[in-house]
Amino acid sequence: MSDYKSTLNLPETGFPMRGDLAKREPGMLARWTDDDLYGIIRAAKKGKKTFILHDGPPYANGSIHIGHSVNKILKDIIVKSKGLSGYDSPYVPGWDCHGLPIELKVEQEYGKPGEKFTAAEFRAKCREYAATQVDGQRKDFIRLGVLGDWSHPYLTMDFKTEANIIRALGKIIGNGHLHKGAKPVHWCVDCRSALAEAEVEYYDKTSPSIDVAFQAVDQDALKAKFAVSNVNGPISLVIWTTTPWTLPANRAISIAPDFDYVLVQIDGQAVILAKDLVESVMQRIGVTDYTILGTVKGAELELLRFTHPFMGFDVPAILGDHVTLDAGTGAVHTAPGHGPDDYVIGQKYGLETANPVGPDGTYLPGTYPTLDGVNVFKANDIVVALLQEKGALLHVEKMQHSYPCCWRHKTPIIFRATPQWFVSMDQKGLRAQSLKEIKGVQWIPDWGQARIESMVANRPDWCISRQRTWGVPMSLFVHKDTEELHPRTLELMEEVAKRVEVDGIQAWWDLDAKEILGDEADQYVKVPDTLDVWFDSGSTHSSVVDVRPEFAGHAADMYLEGSDQHRGWFMSSLMISTAMKGKAPYRQVLTHGFTVDGQGRKMSKSIGNTVSPQDVMNKLGADILRLWVASTDYTGEMAVSDEILKRAADSYRRIRNTARFLLANLNGFDPAKDMVKPEEMVVLDRWAVGCAKAAQEDILKAYEAYDFHEVVQRLMRFCSVEMGSFYLDIIKDRQYTAKADSVARRSCQTALYHIAEALVRWMAPILSFTADEVWGYLPGEREKYVFTGEWYEGLFGLADSEAMNDAFWDELLKVRGEVNKVIEQARADKKVGGSLEAAVTLYAEPELAAKLTALGDELRFVLLTSGATVADYNDAPADAQQSEVLKGLKVALSKAEGEKCPRCWHYTQDVGKVAEHAEICGRCVSNVAGDGEKRKFA
């Protein structure tokens, strides 16, 4: 028997079947770095329209976690897809380098500033620590396949950036948004510092819930208000609170002007309560026998005075819109030094902003004899005992409620009034302008808009001062006596900024005021405060984007971070940009959800359900991680587990196998010489290119809308359904058995070439390593890297006017599916071994029959059978299978007649008819020794 294997065009490629990504990717990365791939892309894109995705800086502390990976991969997918869409999209990664977490790390190792080290040496240690953290994180980000200017990232501790942060503050001061005040701010007693809104987390805490009676100073005035004369015992206004420790700072009781308040007689005293809450209060304090004596509106009680239960002074009843009927008594204990609402109403009524608590969370000397020096969280029981002793406690119980805690220490925080610097939301219309700017931004997903709007509408003034060592100095001088800013503040800040640009922030602490103030130095003091670290990152639109040459003065198009950044970076950036320039710093804001495990639980080291990106890359490769990110709908929580990553690896194999099939069958194809013109191609091949064209339209639209899971789904459908289970199956016969240089084969290779050119580009933003690998095996002249080009423009399809148009082939796909079902059943019944052992008769109604007949002898190639005939639907025998999908089709199967050709494996009756090639069929003889078979349709 002759060996006809050498006459076949078997697939061949050096592109490996297995990805071995964990082993291969580092080598590719080394090549990207050696070649300066990022620089090559920048040169290729020079002069194109820009798209700037501004990197929100991660904090330079600790290893990257899975959330970091999601964030950087999403950014990279966008930047690369924008590049392929014809944009110049530079990406400059950044890091947030100042602030408390770094200070705490350095303190752990070296002690607090001023102990073993001077403050200057401490700052140098912080700078050193941050730099090592940046290096560690940078390696991991690069390993993810993220392309950017890693050699020149921006760091908020770069001297120039530090100087520009000071300049940003100067601009805000110049625009009139800064003011000083003793306002209550979130205060962590462990950090001994004010906290930003975004540094506060909420946890359940158990606190005493108490009802306290404040006795009326003028009992007769109250009786007159309620129009009653007989009251048994003293009259009190009752407040309810879960923070007894704040009572020493009480300066008023807030009531609602429009609520009804009633005077209620209970045993031996009368109490004033909101009418709607009487029942719940009586139940709570265990009173069943009570009488309502009279009713008034809250407004009637304004400025009546009540005695503080133990502080020895009296306080007014005041009117406030923040009073609700959700819980309590309808009268709210008001301590302007311990709460933002209390502070605002206190300002309105000119109340003292009392702050009896020191930075360490203990009461200051002179507060109250039994409280001085006591930690506020240990004081609740002392205060409750005091109230009991004074006869003012109506009720106490333990209550679990959500309480603000420090994000770093996880310990409860307090509101504490301290002298601080604030960016005012309203004195120059910052709130109103910010709300207006929000409307001009595209928020993705769109619920982000309502979220940030409500935050901006309700937020207090922004406390931007911190009492820390490692941070950008506020660089202000205030008058010793008046505490007013120096009249030349803006000029002086610029002078400081110039020095910081040369020597870093230490220049401020080394500065002798005389150097820039001259004779005035004796009248002014340097403000020791540093800026809130959120001011550092929030001003990068000015300190980085406005000054980096690659951005050429263009504003950022997009900010992209986790959904917690509405109150973090998106907010601080919006505030600073609007305060500086009157406009938002971004055009689009995209947020992604948090990562959770396969059961939807939050990632936690204590549960042991964290997924380390480093482990995933070392085991499966970065492309698998990238594919998981892209295939997950990032608008909600993003589930990740070993099982989920395994599914991503399965999808990856499908895509890789498709790419490998294309490359293997392009063996020996030179696009410059072998390309077949569209009009001369086999119809099915043109259909396949048209499928790629339709897929490309969907994929590009999805990239444009940032719907990457749609990109992956469409890519998978193309590889698995349109190519894998239909086209690539059908063409194997023609590809392998036709004459090597025949139009039949070259037509097929032309289609595969166009498809491969398109596919490699669709993959590139997501499967960057694999796309680069595929690119290296594609035939024809090309640039060195897929990332420097644009989407493939060589695709074409079938015209709707053609008889065998897309609709024709869509129907053929269905027919093929129905025939496959019958073949599978026959295989299960052991009637045939494989589909080529079968011959089928398709009993079809006239319209479908005409389409099937049009394919002539080539119908069998579409169906992958050795024989295929078409007959009238009404002539179908009883054993023909009725199609479930196509009502006008029945399929009958029989064993193919004739012998199996050892070359093409088809069963045919002309095997051995040609003496010189006695073992093979007539079609194969033509392909081996004759002019080759002609194919028109399939």
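Here the Cβ of each residue, glycine as well, is placed from N, Cα and C on the backbone.
Residue ranges 58-68, 102-112, 773-783, 817-827 are listed, and Swiss-Prot annotates 58-68 among them as motif ''HIGH' region'. Of the candidate ranges 12-16, 207-211, 562-566, 602-606, Swiss-Prot annotates residues 602-606 with the feature motif ''KMSKS' region'.
With the fewest other C-beta atoms within 10 Å around its C-beta, LYS605 stands out among the recorded positions LYS183, LYS605.
GLU561 (L-isoleucyl-5'-AMP binding site) carries a strand DSSP state (E or B). The distance from the Cα of CYS921 (Zn(2+) binding site) to the Cα of LYS605 (ATP binding site) comes to 67 Å. If you measure from the Cα atom of CYS901 (Zn(2+) binding site) to that of GLU561 (L-isoleucyl-5'-AMP binding site), you get 61 Å.
Here the candidates are the recorded positions LYS183, GLU561, LYS605. The one whose C-alpha lies nearest to that of CYS904 (Zn(2+) binding site) is GLU561. A count of other CB atoms within 10 A of each Cβ picks out CYS921 as the most crowded of the binding-site residues CYS901, CYS904, CYS921. Between the CA atoms of CYS924 (Zn(2+) binding site) and LYS605 (ATP binding site) there is a gap of 65 Å, rounded to the nearest whole number.
Secondary structure at LYS183 (N6-acetyllysine), as computed by DSSP, is strand. The Cβ of GLU561 (L-isoleucyl-5'-AMP binding site) has GLY56, ASN71, GLY568, TRP569, PHE570, THR591, HIS592 as same-chain neighbours under 8 Å, each 6 or more residues away in sequence.
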